[in-house]
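As annotated by Swiss-Prot, domain 'J' applies to 5-70. Swiss-Prot lists 137-215 with the feature zinc finger. Per Swiss-Prot, the feature Zn(2+) 1 binding site maps to 150, 153, 203, 206. Per Swiss-Prot, the feature repeat 'CXXCXGXG motif' maps to 150-157, 167-174, 189-196, 203-210. According to Swiss-Prot, the feature Zn(2+) 2 binding site maps to 167, 170, 189, 192.
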């Protein structure tokens, strides 16, 4: 019987991204998990199909091979079978490695070790924090859906009281040789799929995988001064390895939300502050709230122009893993009055009549230079 399409098995489009694949897998795995469907052979079969489809599609190289060649890409053990995790087992080139490995002095090293143990997949978790949290640092609690070591078989995949056995086809090597003409060709063992072992009595909980899918709660330390786009690695917190293999790593990708008032450039902060035309002309003061919870008073001198910057030293962001702190720059914007009353308009017109070139040196000089440029 022809195998079902992996995308159809998971109920996703061929354009589905990593997040959509994982979400679909989790929903279906929960629905058809054997623990929820005891003695239901159809549910068990469906659960295995879902696992196989997800294991193939979550690996970019395997997915690319499947998209191009379909199930033919994995025939004859070309990619090591559907079990296992992470970034182990290379791409479609494994098919050619099986054919030419003997002539080229053996295949390349793999992440699958003796006894069928495989390293778990690395996981990615996207976290969004506020600028205030990036300023002060925090300890965040996150829940990560992942594969963990089965607590019934301790990751061996075998029913308690039993042990995996060496594969009789490859005698535990995970590879078999066949003579073709003048050449001796080495392939991945079709019986154990390169693991070197078989499990006659699978664990009733994980069905021989050595892992089960669950959500884990983890504590993540976000240091003060962390920047947008920073990646935090939690070693050994990724998916559990298959059949007792080492766990993968968890990578936390941080993004800092845009702030309503502040913009960040490294350790420095910038804040645009609008002031009235009269404050700019006559001078004045205003208070600015800073991220450390205090207020800083800014004095605006008489005749302040738009774009003027005032520096508040050490009021910026802390420098990551350092005692240094950036600065806060206040950028002045001058607000033009709107919806003037008749009296306000009259006063401004009177002010304009009383103004001289000395009151507006920049505009006066600009238009004079422009006139000279065009008229010569």
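One-based numbering along the chain as shown.
Every residue gets a Cβ built from N, Cα and C, even glycine.
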Entry from the binding-site residues list 167, 170, 189, 192, 203 having the most other CB atoms no farther than 10 A: 192
Proximal but sequence-remote residues of the same chain as residue 153 (Zn(2+) 1 binding site) (Cβ under 8 Å, at least 6 apart): 159, 160, 203, 205, 206, 210
Candidate ranges 150-157, 167-174, 189-196 - greatest C-beta contact count to the repeat 'CXXCXGXG motif' (203-210) (under 8 angstroms): 150-157
Distance [Cα-Cα, Å, rounded] between residue 192 (Zn(2+) 2 binding site) and residue 150 (Zn(2+) 1 binding site): 20
Between residue 167 (Zn(2+) 2 binding site) and residue 150 (Zn(2+) 1 binding site), the C-alpha gap once rounded to whole angstrom: 23
Listed binding-site residues (150, 206), ranked by Cβ neighbours within 10 Å, top entry: 206
Integer Å distance between the CA atoms belonging to residue 150 (Zn(2+) 1 binding site) and residue 189 (Zn(2+) 2 binding site): 26
Composition by DSSP (helix, strand, coil) of residues within the repeat 'CXXCXGXG motif' (167-174): 0 helix, 0 strand, 8 coil
Zn(2+) 2 site shell beyond 167, 170, 189, 192, criterion: Cβ within 8 Å of Cβ centroid: 168, 169, 171, 172, 173, 174, 175, 176, 190, 191, 193, 194, 195, 196, 197, 198
